[in-house]
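When I checked Swiss-Prot for this same protein, it listed these features:
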- 83, 182: heme b b562 binding site (BINDING)
- 97, 196: heme b b566 binding site (BINDING)
- 201: ubiquinone binding site (BINDING)
- 33-53: transmembrane segment (TRANSMEM)
- 77-98: transmembrane segment (TRANSMEM)
- 113-133: transmembrane segment (TRANSMEM)
- 178-198: transmembrane segment (TRANSMEM)
- 226-246: transmembrane segment (TRANSMEM)
- 288-308: transmembrane segment (TRANSMEM)
- 320-340: transmembrane segment (TRANSMEM)
- 347-367: transmembrane segment (TRANSMEM)
């Protein structure tokens, strides 16, 4: 009798994606982040669903409903903090996943890569809208500042901002629509993630060497299911350490003050995972220029396949490119630090230099390093 998992219409899909999938025999722990992102997404949808049962999207009651969840709902505090810190874990995994793709040349799978960039944008939009929902000071002012950036668009900017706000300022209409979008977006992300996987399974996974591995494949189960379970345990352990010991470590104290349109916080800043982009935005004195730089800082990922000048796919055997990559990582960490600092003397110039370096490394230094390596190998 043929195994049901190979014949049943639904089981067959699961089987071909997670059980009998031929996988390269040498993929490292950097390939764990895809499954970890899936776990993060499921965790966020589940905790978010339970939070939505008790949350009220109204300017007068939003803040107190979050307080109510933490104080009165059974295990509400742990659900709330798992959701808030789960977002941080989600972005840590996302950055690692994208970094892995850049290092090992995974961007040559064009469809998979481009859907991945769309997924990154969708996740960032979802996280931003979620940050507005508790209706604290940083929620309100973050929403005001970031949505206001659209007013830099020539001609239609002001109308566009008022259309998004649903009025002349961030108010009840804004909060309600952000809640609606924040609820629906994770399901769109889940659907896109399936398409992401669909295209990945058309080509098969890349591997650290960047060399085709068709001659040396192993079944996904049990080898990589076990490996993924180890990753999942470490992810959940890290998340629960955050949640149970330092739940507010990555949050902003200002968000424990209810939103007040008459009182601006001294330093308006987004969550830590947006600080690198926020630093790039702030480092340009022109509003439209800043907005364009902000969008391009993420959109530059789309042109990575065009910037690939090396004859090798992976950076595994390319020491100069490796140096460039790690300089880029250091630069992103610098930008993240600057994004959280006030706009004053040493920080402004450091932010501007780091922003220039960011685009310079990606657009000039990495392609040039690849050409130098080609010539050194006489290719």
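The count begins at 1 with the first shown residue.
Cβ from N, Cα, C; glycine included.
Help me picture these features in the structure, burial and contacts included.
In three-state terms derived from DSSP, residue 182 (heme b b562 binding site) belongs to a helical segment.
For the recorded site, residue 196 (heme b b566 binding site), the DSSP three-state label reads helix.
Other Cβ atoms within 10 Å of the Cβ of residue 201 (ubiquinone binding site) number 14 in total over all chains.
Nonlocal intrachain contacts for the transmembrane segment (33-53), taken as residues 6+ away from its ends with a CB within less than 8 angstroms of a stretch CB, comprise 69, 79-80, 82-83, 86-87, 89-90, 93-94, 96-97, 100, 182-183, 186-187, 189-190, 193, 228, 231-232, 235-236, 239.
Beyond its flanks by at least six residues, the transmembrane segment (113-133) meets 55, 57, 62, 66, 87, 90-91, 94, 97-98, 101, 106-107, 139-140, 142-143, 146, 174-175, 178-179, 181-182, 185-186, 188-189, 192-193, 195-196, 199, 270-271, 273-274, 298-299, 301-302, 304-305 of its own chain at Cβ-Cβ distances under 8 Å.
Outside the transmembrane segment (178-198), and at least 6 residues removed from its termini, the chain residues within Cβ reach (under 8 Å) are 17, 37-38, 41, 44-45, 48, 52, 55, 57, 112, 115-116, 118-119, 122-123, 125-126, 129-130, 132-133, 143.
Counting residues 6+ beyond its ends, the transmembrane segment (226-246) has Cβ neighbours under 8 Å at 29, 32-33, 35-36, 39-40, 43, 78, 81-82, 85-86, 88-89, 93 in the same chain.
Beyond the ends of the transmembrane segment (320-340), by six or more residues, the same chain brings 99, 102-103, 269-270, 272, 274-280, 282-283, 310, 347, 350-351, 354-355, 357-358, 361-362, 365-366, 369-370, 372-373 to within a C-beta distance below 8 angstroms of the stretch.
Residues 279-280, 282-284, 293, 296-297, 300, 304, 307-309, 321, 324-325, 327-328, 331-332, 334-335, 338-339, 341 of the same chain lie 6+ residues outside the transmembrane segment (347-367) yet bring a C-beta within less than 8 angstroms of a C-beta in it.
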Please work out the number of neighbouring Cβ atoms within 10 Å of the Cβ of residue 97 (heme b b566 binding site), leaving out its own Cβ.
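20, counting other Cβ atoms within 10 Å of residue 97 (heme b b566 binding site).
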Quick test of the contact rule: Cβ under 8 Å, at least six residues beyond the ends. What residues does that give for the transmembrane segment (77-98)?
30, 33-34, 36-37, 40-41, 43-44, 47-48, 50-51, 66, 69-71, 116, 120, 123, 127, 130, 235, 238-239, 242-244, 247, 250-251, 271-273, 301
Determine, using Cα-Cα distances only, which of these binding-site residues is closest to residue 201 (ubiquinone binding site): 83, 97, 182.
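It is 97, whose Cα lies nearest.
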Which ones in the same chain are close to residue 83 (heme b b562 binding site), with CB under 8 Å and 6+ residues apart in sequence?
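In sequence order, 44, 47, 48, 51 meet the Cβ cut-off.
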